[in-house]
Amino acid sequence: MAFTEFKHPLILDKLTRMRRIETSSKDFRENLNEIASLMVYEVFRDVPVAPIKIKTPVTDTIGYTIESPVVLVPILRAGLGMVDGIQSIIPTARIAHVGLYRDEVTKQPVQYFAKKTSDIEQSFILVVDPMLATGGSAIKAIDIVKEWGAKTIKFICLVACPEGVDALSKAHPDVDIFAASLDEKLDADSYIVPGLGDAGDRIFGTK
Ligand code: URA
């Protein structure tokens, strides 16, 4: 397992805009998608490419294509906020969905929806959720995509905390984790500190 925190100036600037309490839902969504695009560029750095014969208007040559189909798995609902940004870079990516809610008694994530794509075994899977807090939802979502047969899985979030990174890397040591920021800690209500509040509410303008 590897954990990567992005320290790029563009990402730091956009994330700071998102953290501000006064930032509108529209600006929050735009910056989230822009950061997701910038992150996915780096996540794909070591993805295998296959040579293919092509014709240019001038000659025959060898080009390169990403070997595996790409599947995004947003964890509903906040994960949806990263999909457009990633699809703007990988328009052929298909979208599977995992919906989870938190059981009030057990505090554990419970699946209420799951829809996979075909060819999941051969695909390069990106599970996305803006916040890696306790790690419970990420672990459960990755359990589900592994049950579908997924082999190559990366997890991309916006803000992580040490507790979430620790839990996820223990549960799924084969899954690389990418975050725009590793924040300080979780508070007593399981919010990330300093964080940015409830990502789902800020994306969808709820609450
Ligand atoms: N989910 C959020 O949306 N925000 C947090 O800080 C933690 C979990």
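Any Cβ shown, glycine's included, is placed from N, Cα and C.
Automatic, uncurated: that is what TrEMBL annotation is.
Now, the feature entries from TrEMBL:
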- Arg77, Arg102, Asp129, Pro130, Met131, Leu132, Ala133, Thr134, Gly135, Gly136, Ser137, Asp198: 5-phospho-alpha-D-ribose 1-diphosphate binding site (BINDING)
- Ile192, Gly197, Asp198, Ala199: uracil binding site (BINDING)
- 7-206: domain 'Phosphoribosyltransferase' (DOMAIN)
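Rounded to a whole number, the C-alpha distance linking Gly197 (uracil binding site) with Met131 (5-phospho-alpha-D-ribose 1-diphosphate binding site) is 10 angstrom. In the structure as shown, the Cβ atom of Met131 (5-phospho-alpha-D-ribose 1-diphosphate binding site) sits within 10 Å of 27 other Cβ atoms. Here the Cα atom of Arg77 (5-phospho-alpha-D-ribose 1-diphosphate binding site) is found 9 Å from that of Ala199 (uracil binding site).
Counting only same-chain residues six or more apart in sequence, the Cβ atoms lying under 8 angstroms from the Cβ of Ser137 (5-phospho-alpha-D-ribose 1-diphosphate binding site) belong to Ile75, Leu100, Arg102, Pro109, Asp129. According to its DSSP assignment, Asp198 (uracil binding site) is coil. Mean pLDDT for the domain 'Phosphoribosyltransferase' (7-206) in the predicted structure: 96. You'll find the Cα of Gly135 (5-phospho-alpha-D-ribose 1-diphosphate binding site) roughly 15 Å from the Cα of Asp198 (uracil binding site). Same-chain residues with CB within 8 A of the center of the Ile192, Gly197, Asp198, Ala199 CB atoms, the uracil site residues themselves not counted, are Pro130, Met131, Val159, Tyr191, Gly195, Leu196, Gly200, Asp201, Arg202. For the pair formed by Ala133 (5-phospho-alpha-D-ribose 1-diphosphate binding site) and Ala199 (uracil binding site), distance between Cα atoms is given as 11 Å, rounded to the nearest Å. Proximity of the binding-site residues Arg77, Asp129, Met131, Ser137, Ile192 to ligand 1, judged by a Cβ distance under 6 angstroms to any of its atoms, singles out Met131, Ile192 in sequence order.
Reported as a whole number, the C-alpha separation between Met131 (5-phospho-alpha-D-ribose 1-diphosphate binding site) and Ala199 (uracil binding site) equals 7 Å. Counted within 10 Å of its Cβ, the other Cβ atoms near Ile192 (uracil binding site) come to 25, all protein chains included.
Looking only at the binding-site residues Gly135, Gly197, the densest Cβ neighbourhood within 10 Å occurs at Gly135.
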